[in-house]
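Annotated features, as they stand in TrEMBL:
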TRANSMEM  B:12-29  transmembrane segment
TRANSMEM  B:41-61  transmembrane segment
TRANSMEM  B:81-102  transmembrane segment
TRANSMEM  B:108-135  transmembrane segment
TRANSMEM  B:147-164  transmembrane segment
TRANSMEM  B:184-204  transmembrane segment
TRANSMEM  B:216-239  transmembrane segment
TRANSMEM  B:268-290  transmembrane segment
TRANSMEM  B:302-321  transmembrane segment
TRANSMEM  B:333-354  transmembrane segment
Amino acid sequence: MFRILKKRPQKQHPIEEMSNRNLPLSTELDKNLQILKSIYKGCIDVIYHPFLIAGKTKALLVYIDGLSDTEQIDSSVLAPLMSKTIDKSINLQETCENIQLSNIRVVKTYDDCIKNISNGNPILLMEHEEQGAALGLAKWDKRSIKEPDSESVIRGPREGFVETLGVNISMLRRKIRSPNLKMIKMNIGSYSDTSIIIAYIEGIANQSLIDEVQNRLQKVEIDSVLESGYIEELIEDNVFSPFPQLLDTERPDVASANLLEGRVVILVDGTPFVLIAPVSFFSFFQAPDDYYQRYLISSVIRIMRLFFMLISVFLPSLYVAVSSFHQEMVPTTLILSMASLRESVPFTALIEAVIMEIVFEALREAGLRLPKQVGAAVSIVGALVIGQAAVQAGLVSPLMVIVVAITGIASFMIPRYSEGIALRLIRFPIMMLAGTMGLYGLALGFIAIVIHLCKLRSFGVPYLSPIAPTIGRDMKDAFIRSPWWMLNTRQHLTGRINKYRQAPNQQPKPKNR
Amino acid sequence: MHDKGRITAYQMALMIYPTIYATAVLMVPEITGQYVGRDSWAAPILGSLNGFFTAYVLYKLHKMYPNESLIQYSKHIIGPFLSKILGLSYLFFFLFMCGFILKEYYFFIGISLLPKTPMIAIIGSVVIMASLAITGGVEVLGRASQLFIPIFILPIPIFTIMLLKDFDPKNVLPILEHGLLPVLQGAAAPQAWFSEVFLISMFLPFLKDPEKGLKWSFISVFAVMLSLVSLNLLTIFLFGEMTASYTFPVFKAVRFISLSDFFEHLEAGIITIWILGAYIKITVFYYALVLGNAQWLNLSDFKPIVLPFGLLISLFAIWEFANLQEQFEFSKFIFPFYVPFMLTVLPTILLIIAKIRTRNTMKKEPPRISNY
């Protein structure tokens, strides 16, 4: 679990070398202005606004255009300070008392100033003061809250995270109002200085897990974090595995539910995707709907999902193995029609399957990247070319088309894209094995996958739990989704320090019976 | 400790079950059938007694030296020199057994599934897969068996249901026509397989819940006994006295399955599932060999020797038997004496010596707390 720390090159911050960043502010306003200007040399979006407080004291307001609320600056800061009602020269504290704002912080160094300016908080500097004031007036254009496209639900909340960290935090806080929802803030990225929040619920999440997440995040030294995917790859357990070891979601309800299981949520500024750790294989088969629909339906759908997961990985290989090695397994009538359909096909079953699967993947990828209006064209082309023309031309057998289509649909049933794509990928080596050694190769492929999954861990939690190692109590939420009145306990491996989620025996029944 | 992993007694039971059963299902019905005929269902019951006894002996030894395997604690019992010789003989035995199982595996897969595939491809592929699991340690083994063994057990009830219409229960009558002696002869082979429960000795030190070790070992032996009895009954119901004349009669029985003219000839599918169990068996013996070697040589880590030993067991598998008939004869006449001698008799002697030694030391000095 603990990787041996390799000796890394010395930390280098190009900006830091630039000079006097950590120096305290000077009492001379002109010198402050000069240094700030030298730091922000060539940044045309930085605005320096000199003015006189009550016509007497020289003052300076520094902010970045577009990050701060200029209307508020005019009405709440400049208007009261420049009014003639103040009749004497005043110091910083008195000035702050005159500003009609709730969020004012004192800054003492240039470093503080830069951080606040970059975050959109205007800095107010005054003559003869070695301190400045950071005004909480950050405001920029943000996307409105919408339903996430990648995780749509039939029943459930229609809100999704946005690119702004503050909004995302507030969405979590609105779901979990308890003060036990704690957050640790850290900044990663020498250039981007991206804010990253580790959210957890005190008393449910394991302290060692929080420490581990913090440790791994602290080790990250990178120039920028533009998406949570950067972080994911830098903190996961096994970097060579195709399987995702952190769950990404756009939905506050999913994040909250996982927080309540004792998991940790990592929010990254600038992306609506938050990371959840630790997760198991079965987490990727739990759609948010499962918990909102009726339990029986959810359970059936979840079992179907897992069944189709097996189909999506093994069906093409099974077809290849059976049609080229074990024809005796196929019922006589079917093998006759299979043989007649394959008569004109020039390829072996393996080549046929590989070609078709690759074409299918290409179609899927093409449809994904194109604009929505053109995307429909791809599916038409795909359906016509692959579905019909290829069969008529005798390049592939119709049976293979059916197999590829079922496989495709099956892989789309996995609610998480990251897991689905991993499973689609491992289909190819298994096809090769099945094409060379038949069902024996298929069995070997299955064994290899299972062994790999058995070795995998996500932040100390075995990837295949609760199946292997078997945790009987957690089975209630793995293959099936038990009714809410049975989901009394949290997941053992993440929430064992606060075992009970609800009062027992809540099965509804008539009174006095 | 060479392996930091921890398993539960339940996981250990799931590993031991295929360790006995996976190859017993190939050989035992045929061998017992040759001796006992229609009473072959009784042979595994008698044979399982040895399984219970072996498990009990090794559990008692484990109780005396809770953190060590047999290869390690034998030095407390018979001194360092003799224990090294004993350990070496066990390592050679494991090496031989790995080769034996792999060869059996090859014969079975080769005959029934891939007749034209070269031996090295079949043996090499499964050894590579096994080494993958072993580098993960005992935890991975335990987890893998938790996934594989339920799938592995599943065909037994399914067979029974699907073959119900072909059953002729009268085949089993008259019961014990020739008395108990043939049953005892027939039990010779199964008891050898049951003595393979010895391998709990390698796993008991890793248990999170060692107090349940004996219980789950017994459950495991009992489950194997039940499976063998039911499969023997199944073949007798189907073939009667003819059982002994088939190679791999259980898999012959699968050919009789025919449901609505669609589910037919399921052998290949059943063999595919059998591979999962056989894989666990190979892995368990391979792991015992590698771990035992690391313990014998006092290595700090067993991972570097996994692949070299993989090569060695592949070579042993290629060398051991020229054909199935040879291996079958070996299983029938030598195996029932050789294997229980190593896996049951020697541990029993060790236990007796250990008991006598502790009694003597207790007389001389006040009892000291063992290294719990």
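Positions of Cβ are set from backbone N, Cα and C atoms, glycine also.
Just so you know, TrEMBL annotations are computer predictions that nobody has curated.
The shown structure was predicted, so the numbers you read here are calculated from the model rather than taken from an experiment.
Remote same-chain residues near the transmembrane segment (B:41-61) are listed as 20, 28, 32, 35, 70, 73, 172, 176, 183-184, 186-195, 197-198, 200-201, 204, 213-214, 217-218, 221-222, 224-225, 228-229, 232-233, 236, 340, 343-344, 347-348, 350-351, 354 (criterion: CB distance under 8 Å, separation of at least six residues from the stretch ends). For the transmembrane segment (B:302-321), the list of distant contacts is 2-3, 95-96, 98-100, 102-103, 106, 119-120, 123-124, 127-128, 130-131, 134-135, 286, 289-291, 293-294, 327, 330: same-chain residues at least six beyond its ends, Cβ to Cβ under 8 Å. With respect to Cβ pairs under 8 Å, the transmembrane segment (B:12-29) is most closely packed against B:147-164, considering the stretches B:81-102, B:108-135, B:147-164, B:333-354.
Between the transmembrane segment (B:108-135) and the transmembrane segment (B:268-290), three or more CB pairs separated by 6 or more residues in sequence fall under 8 Å, so the two stretches touch. When each of B:147-164, B:184-204, B:333-354 is scored by its Cβ pairs under 8 Å to the transmembrane segment (B:268-290), the top-ranked stretch turns out to be B:147-164. If you look at the transmembrane segment (B:333-354), the same-chain residues 6 or more away from its ends with a CB under 8 A from one of its CBs are 50, 53-54, 57-58, 60-61, 64, 70, 74, 76-78, 86, 89-90, 93, 97, 188-189, 191-193, 195-198, 201.
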